[in-house]
Amino acid sequence: MSTNMGYLRSSFVFFLLAFVTYTYAATIEVRNNCPYTVWAASTPIGGGRRLDRGQIWVINAPRGTKMARIWGRTNCNFNAAGRGSCQTGDCGGVLQCTGWGKPPNTLAEYALDQFSNLDFWDISLVDGFNIPMTFAPTNPSGGKCHAIHCTANINGECPSALRVPGGCNNPCTTFGGQQYCCTQGPCGPTDFSRFFKQRCPDAYSYPQDDPTSTFTCPSGSTNYRVVFCPNGLAGPNFPLEIPVSDDVAK
């Protein structure tokens, strides 16, 4: 009897492991190369994790995951219960995020196993910029399945109207309105969105910047890597002291 029960338990555990393995569509490795601590965030799965320089966080994303994003939070202070605040990217004052972060925050966005068995993914500056980022498939397969980057000196060159402590904000948060937020129909680029696009041509610069900003890879056979500060420098990619620069016209 005990032998049969042990066999059943082993079979059940094997089934669960097989099921978990099957339901994972992608492994996403999040690495901090910045010379400062980044509190990584991931929703709707993952939550959050403190990453000191050189540390890695691995997220297993199930098939069908969509509207997902990964970002870095800076200058955070959390207590033992995981409550506190961050200067950029804060998600309601908790370490384990369940909602989106407060702009400005550089975003890695993805949806897995969608139309035509493809993963759709991008870097977005629609919520502004706080940390340089690379988002890449670990096994690129050509076409639109290749590494993308946003490593320009955006904080250092940010228009004064968009400057906030720790980052460069987006014009929708700063000014509101259809011209910048695109919430009530079609809209086009502005001088502010062109500022972002010129420096990070791979990234979304405004909400309807789809043609040059969405990338795809085969679902189920592609894993990904997000790297904060891929060059590993505080400057010139991420200056600790932000100099004054000329404004970009509205």
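Placement of Cβ uses the backbone N, Cα and C atoms for every residue, glycine included.
Among the candidates Cys145, Cys168, the disulfide partner that TrEMBL records for Cys158 is Cys168. Out of Cys86, Cys97, the record in TrEMBL bonds Cys91 through a disulfide to Cys97. Cβ neighbour count for Cys158 (disulfide bond) (all protein chains, 10 Å cutoff from its Cβ): 24. In this view, Cys150 (disulfide bond) is surrounded by 26 other Cβ atoms within 10 Å of its Cβ, with every protein chain counted.
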